[in-house]
Structure formats: C-alpha cells, structure tokens
Amino acid sequence: MTKSRKLDMDEKLKERFELALCGSKTSILDWDMVDNTLYVSPSWKEMLGYRDEELPNTTHTWKRLVHKQDVVHVMKSVREHIKKHIKVFENNHRLRHKDGHWVWILGRARIIYDEQGNAVRMIGTHTDITKEKELQLQYSHYAQILEQIQDSVISFDMDGFITSWNKGSKILFGYETDEVLGKHFSMLFPKNTLDLYEKMMAELKEKGEYRTEIQLRRKTNKPLYAVLSLSSLKDEDGNTIGFVSYAHDITEQKKVEAILLEQKNILRYQAHHDALTRLPNRVLFFDRMEQSIRKTERLGKSFALFFIDLDKFKHINDSLGHGIGDRVLKVVARRIEETIRKEDTLSRLSGDEFTVIMEDLNHPEDASLLAEKILTVLQKPMYIDEYTLYISGSIGISLYPQDATDADSLLKYADTAMYKAKENGRNTFQFYASEMTQHALERMAMKTSLKEAIEKEELVVHYQPQMDAKSERMIGLEALVRWQHPSRGLLHPDKFIALAEETGLIIDIDRWVMKTAMKEVSHWHKEGLIPDVLALNLSIKQLEGHNFLKEINECLTAFDFKPQWLELEIPEGQVMKNHKDSIQKLQTLNKMGISISIDDFGTGYSSLSLLKRLPINRLKIDRSFIKDIPADEEDMAIVKAIIALADSLKLNIIAEGVETEEQKAFLLANGCTYMQGYYYSRPISSELMRKFLQKKAC
Ligand SMILES: Nc1nc2c(ncn2[C@@H]2O[C@@H]3COP(=O)(O)O[C@H]4[C@@H](O)[C@H](n5cnc6c(=O)[nH]c(N)nc65)O[C@@H]4COP(=O)(O)O[C@H]3[C@H]2O)c(=O)[nH]1
C-alpha cells in the first residue's frame, strides 16, 4: 500500500469515527508519542467552547487546559498504562472551558507499541461527564449531610421494614444501624400508641404525608417526644415505593413547656384563689357568677346567691390575734364546703365574707334549707389550741332571675339582705325579697311541725270508695292521708305532701298510712265487712327505700292481710323517673299478688315501651280529664284514647274525680265501668267508712 493511500485511509477512518461520535458527548484524541503531536477531533474543541482553528493540535493545548490539581494523577495513570500495570487507561479530570468553567472529562485510551515494545501512540476518547459528576457530587453531599444531621432520617418500605438509618437516628433512638435494618418501623412507637401508629400510616398512605408531635420509643425506654414528619418516596414514574421519616427531638422543649405550664397554672391559681382558705377569690367569684348566669338563663332555671358574714368575727381577731382568726376562717371555709353540693361554688370575698352560688334551684325554699344547714354547721363549737370558740353567721340571699339578672346587683342585694339578717338578731338568714323570707320561715315551721305530726299521731286516714258503675257495687277504697293540725284544722295533702316529698318525710308518712290503713281494713275484713281492695298511694321515694319490701311483708303478716286485698298507686310522673331496681321491686310485689296501678294517668307522658315493661294492672284516669266532661271535647277524646290504650294493653281502668251523672254516663258508654269521685262519695273518715260498709253488708 502506498503512503498516500494509507494516509487517505487514515483520514477516512477518522471521518467515520467523527461521524459515529457526532451527537454524543465523546471526542477523539490521538497522541503521537514519537513526535509529541496531538490530534483532537473538532468536537473535542467544541466541547470546550472553541472553534477548530482556535486550538493548535499539540499536547501543549491539553496541558494548558487541564486543571493543575489533575495533571499529576492523569500523567501517573498514563505512565502506569505504558508500563502495562493497567490494561486500559481510564481517568477523570477537568479541562477548562473557554468561558472559564470546568468540564469534567472521562478519558479512555490505549497505548500502541512498536515492534520493540516502545509506546508510540495513544488513542482514545474524552467524554463530557460534567452532569453525571455534578449529580454524583450532589448525591455524595446529600449523603454526608444526612449522615451528619442530628435529626433522625429513616426510610422504610411499603410494608414498614426499615431500609436506611442515619447517624441522627442512632443518636435519637440509641440503636445501631445493623440492629434496625430490616426491622419494622413500628418498633419505634410505644406499645400503647400502636392504634395511633395504624391511623397515622393509613393517613400517610392516603395523603402522601403526615406530620405530628408524638411520643416515640428509645432503646433505653427513656421518654422521647418528637416532631415526626412522614412522606412517601416515589420512583421515576411517581409510584410510591416506600416512605421516609424525619424526627426532630423536642423532649427538652416539652419539659420546658410543662414547667412553664405548671408555673402558669400556679400563677393563675394564685390570681384566682384566696391564699388562706384556697377558695375562689373575688375575681373567680365574678367569673363563676357570669358562668352561672349564662347557664341558668340557657336552661331557664334559677340560682341563689348567699352572702355569708360571720357574726362578731372582729372580736375574735382583736382578742385572740390574727393567727387564731385565720384558723377560724379555715374551719368555716371547710365546714361550708362540706355542707354545699359539688356543683355549688363557695368563695371568700374578703375578711370574714363568704359567698355561695347555689345552682339549679328548684324552689326558693331549697335556698332556705341550705341557709339553715350552713347556720347550723357554723354554730358547732370550734376547738383551736386551748380555746373553744362559738361563732355564728348571718346570711343574705338573692335569687337569679327573680331579684336581678346581673352579677353586681345580685351581690349587692345579697349583701343588703345579709345586713337585714344582722339587724334581725344575727345567726339567721334573710332573702332580699322579704316576703320570700316569710314564706321560707313558714315552710320551715311547717316542716318541723309535720315531723312532730307523725310522732304526735296527728295524721288521719280517710277513705274514698271505688265503684263498679254498672253493678253499683263497691270494688275497693283508696286511703288518703289528712293532717289534723292543732291550730289550722284538717289539712288536705295538697298543703303538705309536696313539702314532705322534698324533705323526705313522705317515707315516714307513707309508712304510717300503710300500717294504719292495712290494720283498719284487715279489721273490717275480719268483721265480715267487705271493703275489697285497699288502694294506697305510694311515693317513689318509699319504693326506693331499702326496706320497703320487708316492711310490706311485715304488715301483711302482722295484720293477716291478703296480698290480693292490696293495690299500690304510683303517680305517672314519678314512674317516668323510675329505674331498674324499682321495676324489679314492683315485679316482686306483683308476683306476690299485689296490684299495681298508675295514678294520675295522662299527665305524665309515660312512653308505651315503659308501660309495657312495668308490671301494671290498672290505669287511673286523672281527674283533670274528667272535670270538664261533657263540655270539653278534647278531654273526652283524651279519655277515649286512654280507655282504648288500656284496652289494647289489657289493663284494668278506673276514672277518678267523677262528680256528675253525665260524666258517669260518658265513661260507661265508652267502656270505663270503674269510677271514684264525689258522685259516689267524698273521702270519709274511717268511722264513716266502717258505717258505710256495715250498711252495704246488710
Ligand atoms: N275535685 C275532686 N276531687 C276528688 C274527687 N274524688 C276524689 N278526689 C280527690 O282526688 C284525690 C285522689 O287522690 P290522688 O289522685 O291519689 O291524689 C292524692 C295523692 O297523690 C296524694 N296523697 C294523698 N294521700 C297520700 C298518701 O298517703 N301518700 C302519698 N304519697 N300521697 C298521698 O295527694 C293527692 C291529693 O289527695 P286528696 O286531696 O285527698 O285528693 C284526693 C281526692 O280527695 C272528685 O270527685 N272531685
């Protein structure tokens, strides 16, 4: 082959090479080591921002552009390749671009040796790997940052198994990498929070991220609170391939917060409480007043405000000193606190002035009962050191909303009333509206005398017959209590039963009526008279009493009274509030053969389901529905509906308050044959009833 032909071929080969590499980031270099010339393809110069003619094809060109720091290791690699220590030359180095920035190059080449084994030529490629290098550097920086940060960064796969664990995680959780890789991420959560963990993972999977403040678990089990951020890890196509967790330790911050909160609470407590008695002070008192006003207004109820001032407290302070005075105030605070209910608020306004907000007031008289109790506990002797002290208080009471609807006025009025109480001789209470005091005092006097009435046997039982209007035959009699008051004459139950119920005296009254009536009726049976069934009014309080079943059994035995002679009437309004225990008792009584009837039926809105559950034999139509028959069509419709209801529930029915022929006729026409009322007889004394029965027997 001629020399010119060979040169031609070389040129063509180079051209093909150039063509093949065109479009890639790779250029050719051909170093003739004998004459030290360097051929570089135009794309090489282009890669560095130069036109072909701007750079001479000499090794000097490369030397001029290479980074000083890289020259040594490039040349070292070349030498090692020449010596055949490495098969292929491969090296990364930087060349300066015309605009000054550095281009990272991957150089690959091979040495060509002549027959004597001398290196004569080195041919290879230069590839621009700047982007890859930058990415690699960036990645390595991120990896270093991740490794160095103090916070925990953990990744885990879709099934929750840990796939990476940085140094911060070791610090935070105390586990070495090999202790946790492949373990489940949930191991970092306290056992009692695993529910929370499940919820968190569900939300993370749904939304792709989750952030919370949470308690986590260290290897040592020492408390760890962290801000935990979780997010999903995605592949190039956006599919979730796992999750990454970032946890920042806030344990110390939490501790500080807890201390600050405690201090804040202490300061708040101090600002709202009296240091001596630990009761709410004036500030908190007004706050509670506002709350009570809002609540009471919403519920449409009322409350009472008590202003309590100790009588002659100054005297104790002056004569025995403030130390003793303070201890007296503490005792007073404790005694009042133990007397009021939990929902009431006792405050100390100043010195010896206390207030009580008595919530949820049903009757203003309840306030007088509490005032009386407070006065009583205050009067008990106090033993302080060697002293036995007797103190008393004066109480003023104002009522929301009757007296005023704002806190300031209520306090002012209670204060005014308290002064009136002092004027009236101390150790007493006074309502702001003076007629209330009168009323309360009357009721209290009534309560005392009612208590005595039982002991003094001032109560009497009257009986009212119950009739079968079809046959005009007597089917039973209802016992109704009366009070033979020494000064006020014969009092009917409407004057004292409500008070007896409020004070609990109803239990004693009902017990007394039960014994008296059973004894008398049993006697009549024995005499051969036929009183039939005795109906007794039963207060729910009596039914709820622990001994009620025992007491009834004792009466049955003592008076030889057959259970089927007895009927117990429970007012519908009280049945509604009844609970399981009482229903069981009624069932027991019913099984014994005692009848149960619902009194005043139609006034208490009892539900059908309750009626079905109760062991009832009879409904008593309330007399308010009978009163206006036949004038009131609505009442007639109600009575018809009650009769139909009793019919469908297979219950016996009786109407009370029957006074006229028309009422009787209406009831008979509509299927109610049993009646009770003035039409037949008013309630009469036992003496008259006995005569009535005797006449009937003849
Ligand atoms: N206007 C009018 N009234 C009639 C007529 N027929 C009967 N009455 C009255 O209606 C009341 C019927 O008793 P009640 O509904 O059980 O209603 C009773 C009952 O709920 C209660 N009560 C009476 N005695 C006792 C008792 O010993 N214990 C308990 N817990 N409550 C009792 O007091 C309520 C009232 O008793 P009383 O005043 O005796 O009133 C009785 C009776 O006198 C009538 O034709 N016209």
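Note: Cβ is positioned from N, Cα and C throughout, glycine not excepted.
The residues of the domain 'PAS' (13-85), classed with DSSP into helix (H, G, I), strand (E, B) and coil, number 40 helix, 13 strand, 20 coil. Here TrEMBL flags 13-85 (among others) as domain 'PAS'.
With DSSP classes pooled into helix, strand and coil, the tally for the domain 'PAC' (89-141) is 12 helix, 30 strand, 11 coil. Among the features that TrEMBL reports, domain 'PAC' is placed at 89-141 (among others).
Residues annotated as domain 'PAS' in TrEMBL: 138-207 (among others).
The annotation domain 'PAC' is assigned in TrEMBL to 210-262 (among others).
TrEMBL lists 301-434 with the feature domain 'GGDEF'.
As annotated by TrEMBL, domain 'EAL' applies to 443-697.
Taking H, G and I as helix, E and B as strand and the rest as coil, DSSP gives the domain 'PAC' (210-262) the counts 12 helix, 30 strand, 11 coil.
Averaged across the domain 'GGDEF' (301-434), the predicted model reaches a pLDDT of 93.
Taken residue by residue, the domain 'GGDEF' (301-434) breaks down under DSSP into 60 helix, 41 strand, 33 coil.
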